[in-house]
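The structure under discussion appears below in the form of structure tokens.
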């Protein structure tokens with residue numbers, strides 16, 4: 001059992017690398033096919049995965065030591081003093097510790113693949129953030145590799161270079177020419193050496209770094225021993241005639257020698273406080289920010305292990321443990337070195353000789369070898385890390401064909417094209433010339449990446465997603481916030497211009513990926529955060545606190561077939577006034593007789609339609625035995641909390657042949673192709689719209705807006721209106737919107753100013769009750785409110801509202817009605833008990849006696865009163881009759897009333913929507 005326990009633990013771990021083959025169960029031999037030569041060759045080509053020590057600890061230690069431990073410890077203490085040096089270390093390690101906690105949390109939440117921090121951020125925050133931060137991290141590693149190459153060149157020139165000022169060499173080994181172009185040549189040679197190692201592969205790189213690790217640890221041990229073993233001595237400082245003002249008589253001479261005093265209290269007291277001066281390598285004045293920028297490069301190697309995630313045996317196990325071990329070890333070493341340097345070296349030595357550790361070592365070449373080894377290893381680590389990030393970016397196809405060549409790999413899986421591209425960019429950065437010149441840029445890039453890692457962990461924590469359950473528990477959202485704040489503050493303290501430019505560049509990349517890259521299957525953290533916040537605010541939206549002052553339309557638009565409803569869908573989107581907008585659809589059927597829910601496969605087409613029409617709408621589909629029951633379902637269950645439909649819109653019930661407006665993908669032309677046209681039209685339709693074809697008005701679901709088809713009769717159609725009124729829902733019937741083209745209607749004037757005017761006619765009077773004397777009722781006010789809402793939409797602001805009250809015309813209509821011999825007849829008894837409001841908006845009891853001539857006269861009155869013709873008409877819709885036997889007559893009279901009026905909205909309001917109170 002003891003032999004099976006580790007294997008069982010490996011099987012049950014949630015962090016097994018998905019890229020690895022499945023581990024056999026305990027007691028089961030792994031499947032082997034010795035007769036398959038292809039499998040044997042594939043196994044031989046796959047290199048062995050790296051362990052926690054070789055894959056994480058060693059690369060992270062070497063990346064963090066690199067330049068700072070041997071070349072910049074004295075620089076930091078000499079300029080900032082011991083107090084500020086320790087403060088810088090505390091701030092830097094506080095930032096990276098917060099980031100390490102976030103890295104550990106994300107890396108232990110699931111399987112990791114190649115790409116390190118980019119893989120974590122992209123899979124947590126989505127492709128936009130992941131891709132933009134991935135590019136920033138790639139550039140950070142490129143610049144970091146160039147920085148370490150320049151550090152190595154600086155060490156080589158200090159040891160073997162001839163002084164640039166023409167003075168005599170102080171050592172017999174100073175034979176190499178010095179200068180900008182010579183330094184560039186040396187840097188190119190070092191970069192080529194790094195390229196060769198990285199082209200071989202990560203496995204050879206791991207072996208090489210192990211040897212370098214042993215060398216660096218040995219040299220570091222000799223440095224600590226030297227502080228105790230070496231006697232006090234005077235050291236000749238590296239000088240430059242160009243830098244020394246005494247050379248041309250313009251100022252006092254700088255010291256040419258400095259002292260290593262050993263451990264002395266006076267030396268410590270002289271190094272406690274800051275004394276910023278000019279950097280002798282760049283001739284620029286140092287500040288807290290510039291020194292911190294250089295020092296922080298010794299902390300930027302925490303992602304070295306994460307960058308190797310694709311080459312690790314178990315990334316989720318190795319990355320947290322290896323990274324934390326390396327961080328703790330380097331923090332102790334840096335603080336011990338800072339204290340020893342401050343106690344034993346005078347200020348001039350620290351400020352004027354960055355290679356002083358070589359001069360005070362028990363044997364000078366030890367430090368030289370350590371500097372060369374650590375900087376070379378760090379340069380290789382950043383180069384191979386940059387290549388892995390670029391390879392991961394290319395493999396995810398976030399930038400299309402631009403990065404497609406970077407996908408190519410060797411037989412062993414090494415992305416050699418990515419390595420070459422990374423090396424080329426490193427070579428470009430080498431033209432900057434000096435280490436301290438690019439230190440600020442590198443630091444800001446890394447700080448931005450660390451802030452993004454903290455943001456990814458924070459977003460996962462705040463989203464409260466059930467699948468975010470990392471095995472690493474030592475983090476909270478507080479640590480993430482502290483890490484983000486620390487990174488952002490230090491970015492702007494180091495260089496506000498560089499920080500702003502890098503953030504702007506990242507946002508530009510984010511927008512490019514958002515609009516140009518295809519949809520990914522990784523999941524979007526924004527959706528989880530939005531869900532979390534929407535749920536919280538929906539619970540706060542209390543329907544008991546609704547007030548008429550803040551009323552807005554919340555619309556349920558019933559759609560039989562979207563192919564004939566494009567115009568109405570777009571028009572309804574204009575009158576929602578930032579309210580709820582739901583596209584409803586009823587499919588006839590019985591779930592008991594079906595193998596599965598037929599609606600689930602239709603949602604993608606409906607949502608694609610919403611995206612294509614660029615409307616802000618939800619989709620709600622239901623399965624019912626009748627259209628009436630389906631509409632009742634949707635009115636009852638649509639919406640959530642305080643966001644529920646208060647207005648139902650139906651297409652008008654008539655026998656017109658519907659027109660397909662989805663054949664043309666542009667959906668902008670009011671003219672649609674005839675359904676009987678050749679199949680070429682079908683070939684032009686968007687592939688995601690899988691709606692039934694329109695073959696005629698007599699086919700069930702071929703109805704245009706709602707009710708055009710014969711899946712329901714006139715009685716059921718009017719019953720739907722009556723049901724909505726009983727449920728206290730406002731109702732609107734939309735007629736002749738099949739060919740409504742919003743763009744054509746609202747287009748600017750073609751030639752003369754007068755011909756391009758747009759009108760919206762509003763008739764807030766019940767034309768079926770001309771004998772009523774009241775015009776101010778709930779239905780009329782609701783009709784006026786909708787017309788004003790339409791006029792508030794930006795595209796409709798140029799439209800003119802024309803209000804028709806029919807004061808005088810109403811008498812002539814009444815006289816016409818009277819001439820039919822029905823004016824003086826007594827009303828039915830129940831009509832006498834109606835209130836004035838009910839009387840006005842109700843269907844007249846003597847509707848059966850309304851002649852077609854009267855309705856034609858009203859229709860002609862509406863047509864003749866509007867010159868030029870309006871874009872849309874708003875008419876008063878009376879309440880359906882209580883007697884269901886009159887439903888057919890009610891519908892027939894509505895048809896005669898609105899015949900040939902063009903796009904018309906018959907509106908019946910049941911809820912107060914207007915108040916004059918403040």
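Yeah, the Cβs are placed from backbone N, Cα and C, and that goes for glycine too.
Model, not experiment: these values are computed from the prediction.
Of the candidate ranges 133-160, 245-272, TrEMBL annotates residues 133-160 with the feature transmembrane segment.
TrEMBL lists transmembrane segment for one of the ranges 19-41, 180-202, namely 180-202. Of the recorded ranges 133-160, 209-230, 285-305, 415-432, 438-463, the transmembrane segment (370-394) has the largest number of C-beta contacts under 8 angstroms with 133-160. If you look at the transmembrane segment (209-230) against the transmembrane segment (326-350), you find at least three C-beta pairs under 8 angstroms, all six or more positions apart, and that counts as contact. Where the transmembrane segment (133-160) meets the stretches 85-112, 180-202, 438-463, 475-497, 503-525, the count of C-beta pairs under 8 angstroms peaks at 438-463.
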